[in-house]
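Peer 1: Annotated active site per Swiss-Prot: 522, 524, in sequence order, evidence recorded as sequence analysis. Per Swiss-Prot, CTP binding site is recorded for 13, 152, 153, 154, 192, 193, 194, 195, 196, 197, 228, and the stated evidence type is sequence analysis. Annotated ATP binding site per Swiss-Prot: 14, 15, 16, 17, 18, 19, 71, in sequence order, evidence recorded as sequence analysis. Marked as Mg(2+) binding site by Swiss-Prot: 71, 145. Under the heading domain 'Glutamine amidotransferase type-1', Swiss-Prot lists 297-549, citing sequence analysis as support. What Swiss-Prot records for 1-271 is region 'Amidoligase domain'.
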């Protein structure tokens, strides 16, 4: 029997519902249960693929090619369960489906309304088969996070749907967890419970009585305040769970367990004889974070650096590399435009970095700065890791400054006589050929999801992976032009990874450099704290070695 846990938020956004959902999933896993996490996003976009990173943050890509919310990255990293298209839905997708059904005549002339048609689509999504990773057995728990906060007009159909689900499901098969804020007013020296009371009042006004309150706070909640919250919010005092800031995000499962979150959830389901959790691996990770053997500084040269959520998976993957090497990873965020128009700016800013990371991105803005970062890394023998756009800029840098093709560029930046990087028009997906054109819609038209690659035997990349065949996740529309590979290799940048049909360049590396690798895919999307991606583990090891040498 599958049980459902609905996680909602109140008072303000960005309290950490995604992290709380992921941590609760990890705690249930630690007790031996199978879990799957899903996200309901109330915005009207079909997916976040065309949304600005400044507004939405990172777009997390699944193996099956879904462009999803960054919270699915938290889910994967904390549970190790790979998300799919079936784990994220938006209002845009729901309305698109309903309108298509109406045009086909599926509703048999009925007036199409929010209730029941929209709410039924939401319920069907929530209740769709949730299988474990073998695909053979249903999971024990489905955790469903509702985006936004209670009271948002966009979220009303979702709250109505989960209200109905409590009645639709057998008794004792659902649980509501509400994440809220307990602000501490320093001038008054008091913790204020009124925002939480009003948030729960709003939730109850639409027919949802939370079973558990997860209260974000800066200080410990005094017992009398817990009793007050419980009384006014109609929950047991034991169901008022304190959620203070943790020393690191990987300490969150431990902290929530100590506060009794998982035990309280299981009590709601009447599962009082559940196995005790095994939190050994989380304690090991937290101990490594708290007691590193050293530090390294990684310069991250990007264009969305003012909003760190735009690089959420990348940040975590770099820290996973630190865990693998038992070092603390300090990130020096460098706006790539800083280097444009100033020859010495790159050298001055990157001088103290132990390694340089140039992550993915889109568009011409900041591109020249990334090219200069790649040049600095190549000339100074500083470890360099280019991901997606970062690989493309490394190729352009080599062809400009080593091969002497001064006008080498990307067709993404406009018409060019030397399209070293060009738009992809055709590639293989499974057994089918996918075709795209420059004037296609932007949404959902990139090369998305997991693709295989073949690595050159004896190359550094093959040594790092310990294999010559790999599968990684992609999200890109442009690719290194295969017609320039011979010039690139003559200039010292070797192509050591291709698509299985040999047409698409996937990986480049320099054999005259301690660690200089560019990959067209996004390895950060598959890294886990308890299974760091080998590329990030190797990159941080190279940074550690470079730091020792300098």
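Residue positions begin at 1 at the first shown residue.
Glycine residues also receive a Cβ, built from the backbone N, Cα and C atoms like all the rest.
Quick one: where do these features end up spatially?
Peer 2: Mapped onto three states, the DSSP output places residue 522 (active site) in coil.
According to its DSSP assignment, residue 194 (CTP binding site) is helical.
DSSP assigns residue 16 (ATP binding site) to coil, not to a helix or a strand. The Cβ neighbour count for residue 16 (ATP binding site), using a 10 Å radius and every protein chain shown, is 20.
Long-range Cβ proximity for residue 71 (ATP binding site), meaning a same-chain Cβ under 8 A and a gap of 6 or more residues, is found for 17, 18, 21, 22, 39, 60, 145.
Confidence for the domain 'Glutamine amidotransferase type-1' (297-549), expressed as mean pLDDT, is 89.
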Peer 1: Give me the Cα-Cα distance between residue 19 (ATP binding site) and residue 13 (CTP binding site), rounded to a whole Å.
Peer 2: 13
Peer 1: Excluding 14, 15, 16, 17, 18, 19, 71, which residues of the same chain place their Cβ within 8 Å of the centroid of the Cβ atoms of the recorded ATP site?
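Peer 2: Going along the sequence, the neighbours appear as 9, 20, 21, 74, 179.
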Peer 1: I'm trying to understand the geometry here, so how far is the Cα atom of residue 15 (ATP binding site) from the Cα atom of residue 524 (active site), in Å to the nearest whole number?
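Peer 2: On Cα coordinates alone, these residues lie 24 Å apart.
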Peer 1: Among the recorded positions listed here, 194, 522, which has the most company in the form of other Cβ atoms within 10 Å of its Cβ?
Peer 2: 522
Peer 1: Report the nearest neighbour of residue 522 (active site) in space among the binding-site residues 13, 16, 194, 196, 228, comparing Cα positions.
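Peer 2: Closest by Cα: 16.
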Peer 1: Take the C-alpha atoms of residue 196 (CTP binding site) and residue 14 (ATP binding site) and report the distance between them in angstrom, rounded.
Peer 2: 15
